[in-house]
Each structure stands twice: as C-alpha cells, then as structure tokens.
Amino acid sequence: GGSYPQKNAEILSSQYGINLFLAGLLLTFAWAVHAVGISKSHLLSYLITLMLIQLLWMLWYLCRSCTQRRLIRDKDTHAGARWLKCGITLFAVITLILDSFKIGYYIDFSNCLSPTEGIFPVTHAVHTILQVYFLWCHAKDIIQSFKTLERFGVIHSVFTNLLLWTNGVLTESKHQLNEHKERLITLGFGNITIVLDDHAPQCNCTTTTLCSIFSQGIYYLYPFNIEYHILASTMLYVLWKNIGRKVEHHQQHKTPFKFHGITVGMIFGLVVLTSTIAIVVVYLIQIGRSKIKSELALTMFYLHAIFVLALMCTAGIVALLIYRLEDRSLDNSKNPARKLDAELLVGTAAGSWLLSWGSILAIICAQAHPKYTWYNLPYSVLVIIEKYIQNLFIIESIHREQEKANDDIKTLRIVTISRGSTLSLTPSYKEIYNGRAAPDSGEGPLFKGSVCGRENDGGGGGAKEEMNQDKTSVMHSASDFSFSSRNSVTNNKRRILKNIAAFLFLCNLSLWIPPAFGCRPEYDNGLEEIVFGFEPWIIVVNLAMPFSIFYRMHSAASLFEVNCKT
C-alpha cells in the first residue's frame, strides 16, 4: 500500500520531465530552422528559467542536508564513483572556460546581441559550479524523505541537462556543417547547393583579434561541454532511480586504480592515442585544401581506423575467451547505475551502427566509386563488429561478481577445548595449512595436518607418529604446489584482462577525439550525399553523431571501472 503513491509520483515526475524536454526540443528545432517569430533569445530564456529552477531546488536540498547532517543516510555505493566525479569536474572546468569565452564574445558584440546571450553564460557558470558541488556531495544519496518533491526536483535537473546537451550539440553541429559545405567543392561535388546556415551577429566587433579568438575557441571547447552535461544527466538519473529504494547493507570493496601490471596495455594504448592525435591534426590541415589532399586525408584516416578497430576486436575476443574459461557467477542484484551503464552502451552504439549501415548501403548502391571510398567498407563493418564485441565484454565485466578470496585462504576461526576453557584462534593460512598453528598462550593442541586438532591419547608410539609426520609433510608439499599453480594461472588471467581493459580504455579515448574535434569522414566522404541526398544524409549524421561521440566517452569510463574491478 505504501508503494502505490510513490509509484504514481515516479510516473508523474517522469511525464513532467518528458514534457519539459519536448517543449525545449521543439523550441530548439524552431530556432535551428529559422521559424517565424522564434529567435535565439526565446530559446536562451527558456534554458535560463530551467537552470534557475534547478538552482533553487539544489540550494533547498543542500540547506536541508546541512540541517540533518547528523542523521545516518543510506548510500548507493555503486553510484557516483570517485573517478566519475573527477571526470565531470574536469569537463566542468573546461565548460567554465567556454562560458568565459561566451561572455567575452557578448561584450565584443554587445551592440547587436540580445541581453539573454550575456545572461545565459553567467547563469550557466553558476549552475555548473553548484551542480558539480551537489554531485560530489550527494550523488550517492538514497532519498527517503520528501520523496515526491525530490522526484520532481531531480527529474527537472535531468532534463535540464539534457536540453543543455541538445543545445550544445546543435550549435556545434551547425558550425561543423558550415565547414563541411565549404569542403565539398574541393572533392568535386559541385552539384550540391552550398548555402551556409549563418547565425553570426550583424554588426562589427569592437576588438577584431579577441572576437576571432572567442568565436573560434568556443567551438573547440564545445565537445567537453557536451560530455559534461550528458554525464551530469546520467548521474542525476541514477539519483532519481534511487529515491525510496531499499538497500541491503553490505560492505562494498573499494577498487582503487593501480598502474602496476598494466604496462603493456598502457604502452600500446598510448601509441594508438599519440598516432590518432597526429592523424587528426594532419586530417584537419589537409582536408578541403585540394581534391588530392582531401582524398589522401580520407585514405589515411580510414587505414588508421581499420588497424585500430581490428586490434580492439582482437583484444575483446581474447577477453571473452578468458571469461569462457572461468567459472564465475554473475551479480544479478538490483543496481540502477549498472543497469543504466548497460542500456547506454547499447543505445548509444546504435548511432554509429546507423551511420555504418548507411555507408555500407551507399557503397553498394553508388554508380561511381572513388578509390578512397572502398576503404570505408571495411571501416564500417569493423565499427559494427567492434562495438558488438566491446559491449558484450563491458556488460559481462560489470555484472561479474568480484573475485573473492579462495576458500582455502580464508581466515578460519578455530575453537579448541583445553582444560575446560575455550580458545578462539585466528592463525594465518600458512600456519593452518602447514600444521604449525599454535595458540597464543601455549596451551591447547598443535595442528597436525588438519584444521581441527585432535588430542593424542598416547596410544600411537614414536615410530608411528614420525611416519605420520612424513606423510603429512608430503601431502602439504603437494597441496602447496597445487594451490600455487592455481593461483599463478588466476593472476595471469587477471593481468591479461587488466591490460586489455587499459588498452581498450585508451583506444576509446583515441576514437572519441576525431569526431569530437571535427574529423568526420561521414561528412567529407561525399558518397553518402550522392546516394541518399545531401539534406537527408546530413540530418542522419547530425542525429546519430552525438550518440556515437558519447558512446566512446561512456565506454572509456566503463572500461576504467572494469580495470579497477578486475
């Protein structure tokens, strides 16, 4: 009976959030297509209002938490990991730099810009600072009071961040699209109408140099702003799912990150990361300069990506084979954070799968095939296969129970009865296993080849006792050897898995860089635009690319967690 009103509150709050998001999404779309009567100031006013409401809710929650500081609260130990908080803090710092650039840009163009374009970055900066502090302090909370009100407050925060993410994605995509249209001419696609979608202010800048720095710098910082808002929305969503949740109180093992034992994976991963950065720099310099340079840039990108994706597929298959050789049960306990991780992996992978299948279909159906477009075929196939394998590896890894100590080496509580007194002992494994454990006081029996010692009644004799000791010594040596070899195999498997996780972590960071910073062959290839039409393909790319970019960052975060748990 008690859960019925809470279920209603969950449904009502989710519907409120969805309507909030749809209204903002429609307003964003109307501004993007230059709808009559809709300007950027209307969109920014809506976003400012949402951020102010969230600020009020967070301040109320923080004040209430301070007054109830002495109360013991339930915590979700799986939510809000420290490395995740550090990551969102890094993105937030860069977002604050972006806001300062926007403020400088508004000051230089203040004569012809709406006041909302100056208010928005200031509000956003305050919102960012308070939200990061809120997530650091309360991401693990399991709210048990004011549950209905808190559901609306948290879901409002989730969809506010999603709308800010959408706004960032759209602004950055429009900038990339303008650059893409200018580059198509160099590839010989002159039959495509080039109409720039320009939202630049219609007035002169007061200081030309600063305006150029601000306008260009803003678009290089947008990828970090986009990742910040999507990470914040996922952390807040977990907080929303945890409201009113009943948790089992058990000790959570800390899983610190250690560099020891992952040298090989780190070296190969850093080689991939360094080479990817070099490829991106060369690509951005060469693309659009001339037809030959553009084709060479595309060929270089495809060859590098094919090599990296093939390595990642191989590493993922090796990890899955190791899992098949192990007999370890899966943890099927209720865990909102883990469930969300798995759903996001599969859901966001669909974005790049859509682009890959579009490229495959374009290659099959196109009448003319420039040489560089053939490299797109193995690239697109490998993107599909690699994500399929990697998702399986990550999802199985986060659901596997953490390795527990072997039953043989668990601390045993030994109870012996001597002279009418009970002694509780906790000798080390080696002492028990080798028959050398003794009570602290010197009283009680010694352990002779068995965990439970037995009192000699004197009926054995010296020779018999000596023979038993020899047999026991041989048995112990064989058991020690068996345990040592078994432990060595387990450690080798763990080392291989940790190196694979570290390698895939750096590879996913490497593959996040190209699309995040404008290296997008899906735009520059040109073949898909001919088959599907320019506008339909650009719409598909603009919808799918943000999910593809987020997938790589989310996979990197998940693989970091896998490395810590392994």
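Residue 1 is the first one shown; counting continues down the chain.
Each Cβ is built from the backbone N, Cα and C atoms, and glycine gets one as well.
The feature transmembrane segment is assigned by TrEMBL to 16-37, 43-62, 83-107, 119-136, 219-240, 261-285, 301-323, 344-369, 496-518, 530-551.
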| query | For the transmembrane segment (219-240) and the transmembrane segment (530-551), does the number of C-beta pairs under 8 Å, pairs 6 or more apart in sequence, reach 3 or more? | reply | yes
| remark: Tertiary contacts of the transmembrane segment (261-285), defined by C-beta under 8 angstroms and 6+ residue spacing from its ends, are 297, 300-301, 304, 308, 311, 494-495, 498-507, 509-511, 513-514, 517-519, 563
| request: Would you confirm whether the transmembrane segment (301-323) and the transmembrane segment (83-107) meet the contact rule of 3 or more C-beta pairs below 8 angstroms, pairs 6 or more apart in sequence? | output: no
| said: Under 8 Å between C-beta atoms and at least six residues away from its ends: which parts of the chain pack against the transmembrane segment (496-518)? | reply: 176, 179, 220, 223, 261-266, 268-270, 272-273, 276-277, 279-280, 283-284, 301, 305, 308, 311-312, 315-316, 318-319, 322, 390, 393, 397, 545, 548-549, 552-553, 555-556, 559-560, 562-563, 566
| Same-chain residue ranges lying at least 6 outside the transmembrane segment (83-107) that approach it to Cβ under 8 Å | 113, 117-118, 120-122, 124-125, 128-129, 131-132, 135-136, 139, 206, 210-211, 214-215, 217-218, 221-222, 224-225, 227-228, 231-232, 235, 257, 557, 560-561, 564
